[in-house]
Amino acid sequence: MAWKVAWSVLIDGQDVTANMRPFLTDISVSDKDGTASDSCSLSFDDSGGQALLPQDGARVIIALEGAQIFEGTVDSVRSAGSRGGGRMLSVTAKGFDAKGKVKDGQRWHMDDATLQEALGKAAEMGGLAGVVLDPAFAAIRRPYWSPDGETFLGWGQKLARELGATFKIRGDRAVLAKRGQGLSAAGGAMPTVLARIPGNVISWEISPVANRGRYKRATVRFFDRENATFRTEEVTVEGVEGVEASDAVQTDAADADQAKGIAEARGRESEREGGGGTIEMDLAVEAQAEGTVILAGARPGIDGTYRIVGVTHKATRSGGATTSLEIKQPTGEAGKDGRAASGAPPASVPVPTPAPR
């Protein structure tokens with residue numbers, strides 16, 4: 001059966017598309033917003049054991065419809081089969097080399113330095129070519145930095161949670177970008193996806209309002225050394241209506257600047273958790289985690305702008321190709337039904353009537 005979507009696979013720089021075409025059955029690529037590595041899975045018909053096992057750690061590049069959607073290294077290979085059920089070979093790759101020095105614990109410190117300098121040193125010791133930071137994060141200066149025995153991967157994720165950032169390793173570089181802004185670490189705008197009903201949307205399930213993770217303000221305590229007393233930094237979350245709860249961070253910050261940064265990060269996280277859901281649509285190779293999706297045609301209160309927090313592209317030989325989006329942070333008209341209320345219910349809503357006597 002012929003593929004309905006154009007795809008290509010490069011292994012260690014060599015185009016193996018033609019060799020894979022008779023046997024490749026499924027392609028799946030996942031892009032998350034930070035804590036999880038990008039990953040991909042290739043499934044092969046291995047009924048005759050004809051598929052050659054790729055070398056562990058081989059570099060993999062995958063493209064759909066001419067757009068590169070994944071770059072990483074082979075992480076695992078799995079064979080599965082049953083009597084009378086055929087045989088399949090699955091190859092899984094991750095966005096970074098899991099055998100590399102990113103898993104080494106690091107013990108060092110740096111005094112009076114910026115985050116760019118400290119994280120750059122950690123990346124170099126982790127075997128990476130460098131790290132790209134959001135300009136606002138790169139300029140953060142503190143009197144003391146240290147991973148304190150953590151791996152580069154673990155320290156990066158810890159800093160990302162503190163700063164409200166997305167931390168990822170892609171290829172030989174790490175990225176630390178501000179979450180919820182729709183911008184890349186370099187400051188450029190992330191792609192915007194238009195989801196239309198009817199049109200390219202297959203299905204959706206969205207809750208535009210979710211109050212469990214929302215707070216009116218975020219507070220962080222720190223010790224003021226000049227006055228020898230504890231003080232509190234407070235940030236008010238914009239656009240939150242009807243919520244009075246405060247998000248009080250349990251651990252103390254080192255100083256006022258760190259406390260303010262943590263409070264602002266918690267505020268952005270509260271905005272992000274204001275609602276969410278999923279959208280399945282026709283293949284949209286431009287969709288990326290931390291990008292934007294605009295939904296139109298669902299209904300008033302659901303249509304609007306959302307932040308993409310996870311993307312999964314799937315292509316199969318027996319069918320077509322789809323993109324599944326995990327979304328959060330509703331903005332614009334999402335969650336707001338501005339239609340004027342009327343006394344009569346809409347024609348589509350059944351009206352209960354008394355039973356005949």
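From the backbone N, Cα and C atoms, a Cβ is placed for every residue, glycine too.
Any TrEMBL annotation is an automated prediction that lacks curation.
Taken from TrEMBL, the feature region 'Disordered' applies to 241-277, 316-357. What TrEMBL lists as compositional bias 'Low complexity' is 241-253. Here TrEMBL flags 263-274 as compositional bias 'Basic and acidic residues'. Look at TrEMBL and you will find 347-357 tagged as compositional bias 'Pro residues'.
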Positions on the same chain near the region 'Disordered' (241-277), where near means CB under 8 A and six or more residues out: 140, 142, 162-165, 178-180, 204-225, 230-235, 306-307, 309, 326-330, 334-335
The compositional bias 'Basic and acidic residues' (263-274) - residue tally per DSSP class, helix then strand then coil: 10 helix, 0 strand, 2 coil
Helix, strand and coil residues within the region 'Disordered' (241-277) as assigned by DSSP: 17 helix, 6 strand, 14 coil
